[in-house]
Amino acid sequence: VTEIDLHITENAREHHTDRYDLTQKSKDAELVIRRGQPFLMDVTFNRPYNIELHDLYLVFEIGDSPNSRAGTRARMILDEEGKKPSGYNIWHARLLKREKNTIYIEVQASCESIIGEWSLAIDTKLQGNNDKFDRYIHKEDINIILNPWCKGDTVYMPDEKLLNEYILNDKGAVFKGSSKSCYATNWFFAQFEDGILETCYQILRKGNNYKYTTALADPVKIARQLTYLINGQVLVGNWSGDYSGGEKPTHWKGTDAILEKYAQTNGEPVRFGQCWVFSAVTTTICRALGMPCKSVTCIGSAHDTDESTTIDQYFLPDEDGKLKKSSNLTSDSIWNFHVWNEVFLKRTDLHDDKFDGWQVIDSTPQEASSEDLFEGKYACGPASVGAIKNGQCSRAFDAKFIFAEVNADVTKWKKKGWEWVIWEVDRKKVGTRILSKDPDGKSLSGRNGSLTYSASLRHDVTSDYKYREGSSEERKAVLNAGLASNIYRERGYIDAKPKEVEIRMRDFDKVLMGEDFTLSFDVENTTSGSVGLDYITVSISTQDYTGSVHGVYFEKEYPGMMIKANSVQTLNVQVEADMYIKHLTEQGDMEAVVIAKLKDTWDDFIHLTDNFRLGWFDIDIEGPEKVKVGEEFEVKLSFKNSMPVTLTDCKLSWEGAGFYKEENVKISDIAGKSDWSFKVTIKPKKRNSDGELIVSLDCNELPDITGKLDIAVY
């Protein structure tokens, strides 16, 4: 052999890998192929290849001590008759044609092969001479990744249109917010950028003790391993509010900056992340490796700490006999939102195809797993979405915890004498909406922020996780989950006692940070007689998105009321900006707690806890619609600061598909209630007809002020 031609451009196009920077390098480009799918190769010799005289072997190897029994070596003789492989799961090479000193061959890597960087060698010899080989070693690696286009691969996805989103889309969004206000944050997944695929391999190797085993061929094991590796190994979680020694989680707008920093520091975990960052990084790694993946947000996500599949809340009377919620008696909580991932897999380990398809995996470190090799470690999933919907929580992995996240009953306890008794069960508080980006294969249209984000751009997957709230199917799923839980409590799963009086908070009008607002609570009497209330107390606090209360800034007792039969009265609560401005948290989340006492009773109370979020302004970006690679251009950034305070320690960052990134560019303070504008120079990096520029501003008072501009790079 004198040379080989791997037809990198043509093969990459056929294998849907032509967008990897690795395949586009002008020097030392590498082939990226998907297992189970043939690719073409030309081999040129110093003389014509004679099938009567010569034999040719292709040798693929990975790792330090490759051998065929371990799946780290594949040696195949060229099929000179040109027969196609008998299945997707075998290594095969066949002759297509001969022309002078060159032969044209087709090669297939098994759909069960280990993923990673394989070496390629070609052995040639005279037939009958088993001792003497001439070996040609190709100097560049052959990258073999998972193949969701191949029916034999366990990541196979039948609907190819969805692969435009869940494999090929490098632009997207993660959702945040509360039941009253949901919004999207644009994210650059960057799975095709220079160095990303190699870093993904590095992460997997590290998790496998730098050994190549069949675990790196099994998507179920890869997915589970990633949930453990990404938290602590790749990203450090931090919910303390003190981010010294790293970046605020809200700083990140793309995965490339995170994985680039990880690679530059030889695998030091990057500081810091929270759930949406963990999820976005997981999406990037899975898509880069060929596993269909999406980020999923659960609004009202329960955090069950004792595997009871319920959320327990405890209420005690204060000195005046008024009921107060206690945070000292349980570690259970309800996050305003939580972001995890779904991956599309065949669950060969469960031996039942009804559990195939979308699987939940979660890289955020919440509760240690109690299953398999990861017992006691922060790993979560994969768990079948179908199993979760039906409460089949004994199915691997970590289904009890995930079921509680989406469908736990909130059990409210109060002290009666010396005993704790169940006072109320709220079955609608958890998993109010479960959302993902619309799978259209495009970037998120429109601009960021709760004020301008269109609901039509999100994909509601709530019905994938749970039956209609309160239906017999949903109650049966809750019963199934309860029976599989560590702590089973009898609480009448099927029949719920209707409340005589209900309190509901109206949908919250879109209000910007720094503005006054009004909360409206409807108090409804569902009985045929009048009902009286002695008093109503309302408290409002700022809180982290994890449900942790920062500080009560509004507390007031309102006089009682008499509510006629089958009627509604409304209580309006006025809140001024000066009350909350000093107590704001990173996401702008707030919690309202309403407790009312029924007349002529000793200890009958009505309780409501609801969450809402103040919005904030977006960055408007003015710039060209088209730019040229390498030619700098200018964009104008602007917004109106609705806050009555000056924004201090302001830093700009930008990145996106097709552009060089820039981080933490310091700019001047921005006065309260003022119009701000600023011009920055951007440099296009590579051609991208769907280029997307994401700009964010961080400051002490408000993080995550963001804008997006679609710009084609040619």
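From the backbone N, Cα and C atoms, a Cβ is placed for every residue, glycine too.
Over in TrEMBL, the protein carries these features:
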{"type": "ACT_SITE", "residues": "Cys275", "note": "active site"}
{"type": "ACT_SITE", "residues": "His338", "note": "active site"}
{"type": "ACT_SITE", "residues": "Asp362", "note": "active site"}
{"type": "BINDING", "residues": "Asn407, Asp409, Glu469, Glu474", "note": "Ca(2+) binding site"}
{"type": "DOMAIN", "residues": "267-365", "note": "domain 'Transglutaminase-like'"}
Neighbouring binding-site residues, C-alpha within 10 angstroms of Asp362 (active site) - of Asn407, Asp409, Glu469, Glu474: none
The domain 'Transglutaminase-like' (267-365) - residue tally per DSSP class, helix then strand then coil: 18 helix, 45 strand, 36 coil
Cβ within 8 Å of the mean position of the Cβ atoms of Asn407, Asp409, Glu469, Glu474: remaining residues of the chain near Ca(2+): Ala408, Arg427, Lys428, Val430, Gly431, Lys466, Tyr467, Gly470, Arg475, Ala477, Val478
Spatial separation of Cys275 (active site) from His338 (active site) - C-alpha basis, Å: 6
Average pLDDT across the domain 'Transglutaminase-like' (267-365), rounded to a whole number: 94
Nearest-integer angstrom distance between the alpha carbons (Cα) of Asp409 (Ca(2+) binding site) and Cys275 (active site): 23
Cα distance (Å, whole number) from Cys275 (active site) to Asn407 (Ca(2+) binding site): 19
Other C-beta atoms that fall within 10 angstroms of the C-beta of Glu469 (Ca(2+) binding site): 14
Least Cβ-crowded entry, counting other Cβ within 10 Å, from the recorded positions listed as Asp362, Asp409, Glu474: Glu474
Residues that sit under 8 angstroms from Cys275 (active site) by C-beta distance, when 6+ apart in the chain: Trp335, Phe337, His338, Val339, Trp340, Thr364
Number of other Cβ atoms within 10 Å of the Cβ of His338 (active site) across all protein chains: 26
Cβ neighbour count (within 10 Å, all chains shown) around Asn407 (Ca(2+) binding site): 23
